[in-house]
Amino acid sequence: MSKHSALNRFGRSANPAFTRGFENYSETLPVSERMTLDGAVNKTGILLALCFSGAAIGWNIPALMFPAMIVGLILALVTIFRSKEKAGSTAPLYALSQGIFLGGVTLVYENMFDGIAIQAIGLTFGILASLLVCYKSGLIKPTENFKLMVAAGVGGIFVLYMVSFVMSFFGSGISLLSPTNGSLMSIGLSLGIVCVASCCLVLDFDFIEEGAEQGLPKYMEWYGAFSLMVTLIWLYLEILRLLSKIRSR
Amino acid sequence: MINTIFFSLLAIFSLFVFMNLGKIKASKKQTDRDNRINRFGSRRGPGNQRKTNSTIVEGEAEVINDKDEK
């Protein structure tokens, strides 16, 4: 008798619930319920519009900045760790709340350095478009090693932020992260962080491209757009910080 | 003033590029390569070899006895 008698009798299950991750989804879902590139890009457009609307609110009512940041953080954690399926409702709320936060932050920077906001917005979208061209043309090829390298970079930056956050409770902090520190070392660090955030954009493009290729469920369009928004917001904040450091010199 | 106009145009043009180019499938050079990140586990098997879509193994069934294994 075969060792795999159950397999011989019933065959392999095609139910996606019994396979690892999203394996075989493209074979079981109807075409209309599959993730597409069009859908993901349109949803990113919606999230960007919501983010800009939120920024207008945050710009006019800066007091909402910190509550909006906390709400955005909670929504991001819920979307990532609890319910990818509900990304369609959490991602727009995330974009709106983070927009309010960004509006407030931008106002603070704009009061310090006139015209810095439009420079940061232009550079953020400039990086987005140029990296998309590089990705689509095959100039940048995300591989497993590339992913590991970016993950290591993000991990390192996260630890740095956390240390700085904890130190801030004791009235201290890492001076290299200060937006008014115009030293070459500080600018170099910010430049490195911008590079890592840009590499994350490439991984997001690849995720959306592969998701559409594999025919993931429709809600993954929202999740792909959400992950792109998270990276874009991070990139924008880092560019703001980098520009303010350069202006402080 | 020129600074503001330049960066505003850059932002608008980049958004336009993103909204249009984003909907186009990536080039073959990008999609048809063996070292792509395998996120969903369905495209490639171990050693980056492409899997066939079918999970049915064609060929004659063979009975494996305990004696044969020894």
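Note: Cβ is positioned from N, Cα and C throughout, glycine not excepted.
Here is what TrEMBL records for this protein:
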type	residues	note
TRANSMEM	A:64-81	transmembrane segment
TRANSMEM	A:93-109	transmembrane segment
TRANSMEM	A:115-134	transmembrane segment
TRANSMEM	A:146-171	transmembrane segment
TRANSMEM	A:183-207	transmembrane segment
TRANSMEM	A:219-237	transmembrane segment
Inset, instruction - Could you tell me what the rest of the chain brings near the transmembrane segment (A:219-237), counting residues at least six beyond its ends with Cβ under 8 Å? - result: 35-36, 39-40, 43-44, 46-48, 51, 76, 79, 84-88, 90-91, 94-95, 98, 102, 105, 120-121, 124, 127-128, 194, 197-198, 200-201, 204-205, 207-208, 211
Inset, instruction - Report, as numbers and ranges, which residues of the same chain sit near the transmembrane segment (A:64-81): CB under 8 Å and 6 or more residues beyond its ends. - result: 54, 57-58, 87, 90-91, 93-94, 97-101, 103-105, 223, 226, 230
